[in-house]
């Protein structure tokens, strides 16, 4: 029998301690991983609701189990809000993750062995855009395009490769690209070779929802996103389309269920609905505008301190810092900043001489720090601290600088908590 006052603390102290330690880590560290954000207490409340108990195979009004009347309300609410948010005609809120959403799109539109053309992981793409270690590079014949020496997508390279390999599907989108993608140009190339255009907007979905980054829906056949990055919701996936082709919509439905997934996670869909409601509110646009302002402010500091920023700037929530000129590695920078309670991720940069697990750069993103209240002055100061640590790498004062920086980080984290009590 269950009781409402059951807790993890008195039942599983080892697990409870790990949860408490993670809570403290998040409060005392500055989070700059571009793919991470803080979910609101309302989102977490929905994730912990009784919907976690409900099996609901199928879709609203067409379930394989009884007792789904309230699950239907939740899912339809999430669908309708996502349609309004992005201007979509078709929405599927069931994918458990962005990768599963992408797998469903491939399964709906093309067959095993067909050719796809996507951005090279080393140039800012994603594993699921055709990387050889991913299902997308194993099941399908993947051809990769990249960026120029200036850090910009080479659309002529995309076009030439499309003409050469005649892909059935072109993937646009990224995990580490700081500029604006020309969705219309990508569709023009896709139409020229008779390919589908599939856009993965996971990293910039929040900016798109706020009207601060071009919406790919008018140009793409199908669009996917995660719901936890700039959107700031639960960890999950989403498929959208406005192509007007009912056959594609039907294929997408069946490719999610039953082809790739069984029962949807109704508690996560409820959390997605909460997230979409928040994204429709006026203050959401202000938040996303501040995300971009903060990223631009940090870029200027890094450049002033002599560090190269890939593509020389940013038009979204992230940017890459290259250490090739300094002879540093992303791995060393990641570790040193981590000791100072600043969390980033090492990242490959164009013409990177280092191995993928070492790299010559870091990726920096501002959704999380902006969510906890950092303004432009705060992030300029933060970028300066980061440069102090990077400047000291390998020098006698390295540990001293790291210790001093950590004290500054703890102070600002105390002033700007993630979840104020």
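Quick reminder: no glycine exception, Cβ is built from N, Cα and C everywhere.
As recorded in Swiss-Prot, the features of this protein are as follows:
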type	residues	note
BINDING	121, 125, 126, 127	(6S)-5,6,7,8-tetrahydrofolate binding site
MOD_RES	229	N6-(pyridoxal phosphate)lysine
SITE	228	site 'Plays an important role in substrate specificity'
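Those residues of the chain, other than 121, 125, 126, 127, with a C-beta within 8 angstroms of the mean position of the (6S)-5,6,7,8-tetrahydrofolate site C-beta atoms are 118, 119, 120, 128, 129, 130, 131, 134, 175.
The two recorded residues residue 229 (N6-(pyridoxal phosphate)lysine) and residue 126 ((6S)-5,6,7,8-tetrahydrofolate binding site) have their Cα atoms spaced 14 Å from each other.
Of all the recorded positions listed (126, 228, 229), 126 has the fewest other CB atoms within 10 A of its CB. Cβ neighbour counts within 10 Å, taken over all protein chains shown, single out 121 as the most crowded of the binding-site residues 121, 127. In this structure the C-alpha atoms belonging to residue 127 ((6S)-5,6,7,8-tetrahydrofolate binding site) and residue 228 (site 'Plays an important role in substrate specificity') are separated by 18 Å. Cα-Cα distance from residue 126 ((6S)-5,6,7,8-tetrahydrofolate binding site) to residue 228 (site 'Plays an important role in substrate specificity'): 16 Å (rounded to the nearest whole number). Between residue 228 (site 'Plays an important role in substrate specificity') and residue 125 ((6S)-5,6,7,8-tetrahydrofolate binding site), the C-alpha separation comes to 18 Å.
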